[in-house]
């Protein structure tokens with residue numbers, strides 16, 4: 001066999017130095033590290049020059065150096081050599097140990113013999129013990145002393161692990177193997193029984209540590225062909241040696257091929273450093289390596305397990321029912337496999353590695369567990385939100401609803417945690433539970449704020465509706481008790497709102513401080529509504545003052561429109577209207593919600609009204625001796641925040657008010673003058689007496705001749721109708737030329753129309769009377785009252801209807817002429833006066849008829 005195939009290497013030299021580099025090269029060249037656990041180690045020990053190397057070379061195809069018999073018998077193998085067996089499956093490593101009882105080492109050879117023997121037993125699966133056939137039965141031959149030492153140390157060194165001891169009888173004689181084998185087994189058993197054992201192995205049988213096999217070979221020198229045939233038969237036993245029932249025996253302590261180099265170094269180091277050959281460290285080391293490999297293998301299988309991958313995928317999609325049971329089952333399966341494979345290793349190491357495996361596995365699956373808790377937390381939070389909303393919709397108290405829903409939600413979460421928990425771990429769920437509790441509190445706070453805001457907004461709307469319009473009305477009808485009425489209104493409506501508000505707040509179970517603050521805020525809001533409305537109305541105070549003046553000036557105490565007949569005292573009426581308007585201004589000057597007395601009304605009356613106008617009863621006119629009390633930007637008794645109109649503003653408003661109301665007073669005076677002038681057509685009494693005396697004869701003539709009387713009456717009616725219809729007096733006020741043209745142009749049509757109506761020739765359509773001028777307040781009042789007081793007969797004679805129709809027609813013609821010839825302000829006033837006179841004449845005519 002070529003050297004490149006078996007890669008023979010000296011592992012330990014004759015001085016006991018370990019060839020680390022050589023071993024690494026051997027592992028790499030022979031590709032041992034790739035074998036995993038599928039490899040076996042075979043060692044051979046025996047006396048020097050007993051043919052150990054020759055046997056290995058023929059058995060495994062190695063090329064260990066053999067002794068040249070022609071040069072004499074001497075030491076050939078020094079130290080320990082190893083090589084890869086050729087053509088053996090699985091991969092098998094052969095170790096050739098230096099022979100025992102050699103003269104080259106002398107009496108000191110026992111130390112290295114024991115060390116190399118223990119080394120071979122520690123790392124080998126099969127140990128070949130080469131012995132001469134003729135040494136069987138001898139006490140000091142057949143490596144018996146060495147075996148005794150090895151047995152004694154093995155019980156201290158290893159836990160029960162079967163190593164195959166293959167006793168190879170060399171140069172077999174005629175004695176049958178059936179007779180030789182019992183003797184060997186008896187000798188080995190006696191050696192085992194004679195060694196001192198630890199307490200734990202007192203009753204441990206030899207079979208727990210070793211599996212004894214015996215074979216015999218013919219002499220290589222004398223019967224070479226037969227030797228080779230026997231070796232070929234023996235070689236077959238090394239195929240699949242690690243399979244169950246194979247020659248390798250127990251594989252519980254096998255070190256992975258990748259760790260063989262490290263394991264061999266550590267074993268030799270411990271053997272060299274401990275003279276008593278106590279090697280517990282190697283036992284731990286081997287268990288550590290192997291258990292760690294098993295653990296890593298199981299963890300790797302766990303990460304690719306189909307059940308786990310499906311579970312993880314389901315967890316990412318949402319909450320999984322029974323997550324804890326499913327995951328526990330998967331973990332149990334792999335942990336059980338670990339326990340089964342590592343059962344024969346050192347208990348302490350085995351348990352430690354199991355814990356490490358369990359820790360890694362739990363660390364690996366923990367994110368999925370956290371995801372499950374996250375889904376559970378989100379679901380519970382959603383359920384809490386829905387349950388709280390439903391409870392509130394049913395009208396339940398907020399705090400009670402939150403308490404019940406929160407308890408139910410936390411119980412639901414705890415049940416979900418129990419469902420997701422696994423028996424291999426006691427994971428802490430307090431952080432997720434605390435996060436859920438905070439989320440519930442945050443949502444509760446949000447909902448509480450929203451509900452309180454909504455409730456506050458509703459009660460604020462209620463207060464606005466209850467206060468805004470009534471307060472506006474009270475300001476429009478401002479009087480001396482306005483602010484007292486407003487204070488009563490605020491108190492009544494505020495208490496009504498607070499009664500319901502306090503009841504609603506009870507369900508929130510707020511602390512007393514918060515409760516009192518919210519109640520006070522609602523009180524303040526009610527006050528602010530009034531203050532805001534007061535400021536709005538103060539901005540329109542001039543309009544209110546003019547409306548108040550117009551109402552007081554143009555209507556009497558019975559609220560009837562005044563008719564300026566000349567008998568009214570315009571000066572007194574004007575003063576009363578000014579007083580009412582100034583009282584309104586004093587009410588609107590400041591906010592008086594605190595029932596504090598002030599002198600605003602006294603100051604305004606004494607400063608703005610004429611000295612002859614007395615202030616309201618019970619109020620003084622002491623203004624403090626200031627030259628101009630209103631030349632200030634604040635009131636003495638009123639704080640700036642409650643000031644609506646400063647004294648300076650009141651003075652300016654009053655000046656503007658008087659300017660804008662002068663026209664109304666002037667219109668009333670003009671109406672009185674016009675009324676007096678229009679009602680002065682009756683002659684003085686002396687003139688009437690003279691007319692009666694001087695016209696006595698004519699009157700008697702008319703009385704004696706009724707025809708003249710009727711004719712005179714008809715002529716009077718026609719003339720009167722034409723006079724009224726053509727508005728002759730009014731036309732002449734506009735000038736004689738225009739009057740003559742207008743009268744002449746309308747005389748004939750008016751005459752024909754009048755005659756036709758009188759004699760019933762045809763019915764003439766009556767036109768509506770033109771309305772009075774809109775800017776004449778006195779004329780409107782007079783016209784309205786005249787039409788109201790005018791009697792409406794149930795039946796009218798034809799002459800009466802004709803007269804009224806003629807009067808109406810005359811008014812229409814006169815109106816059209818007046819509109820065509822006059823467009824200035826003076827003509828409008830004159831036309832208004834004329835219409836007033838015409839209406840008075842019409843009334844008198846109807847009374848007369």
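Any Cβ shown, glycine's included, is placed from N, Cα and C.
Where the annotation comes from TrEMBL, it is an automatic prediction and has not been curated.
Given the structure is predicted, the values throughout are model-derived calculations rather than measurements.
Listed in TrEMBL:
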BINDING   46, 47, 48, 49, 50, 51, 52, 53  GTP binding site
COMPBIAS  779-833  compositional bias 'Low complexity'
DOMAIN    36-251  domain 'GB1/RHD3-type G'
REGION    764-849  region 'Disordered'
TOPO_DOM  1-682  topological domain 'Cytoplasmic'
TOPO_DOM  728-849  topological domain 'Cytoplasmic'
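Locations of recorded TrEMBL features on the structure.
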| residue | record | CB count, 10 Å |
| --- | --- | --- |
| 46 | GTP binding site | 24 |
| 47 | GTP binding site | 20 |
| 48 | GTP binding site | 20 |
| 49 | GTP binding site | 18 |
| 50 | GTP binding site | 23 |
| 51 | GTP binding site | 25 |
| 52 | GTP binding site | 28 |
| 53 | GTP binding site | 22 |
Mean pLDDT across the topological domain 'Cytoplasmic' (1-682), rounded to an integer, is what?
84
Which residues, in sequence order, are found in the same chain with Cβ within 8 Å of the centroid defined by the Cβ atoms of 46, 47, 48, 49, 50, 51, 52, 53 at the GTP site, excluding those residues themselves?
99, 130
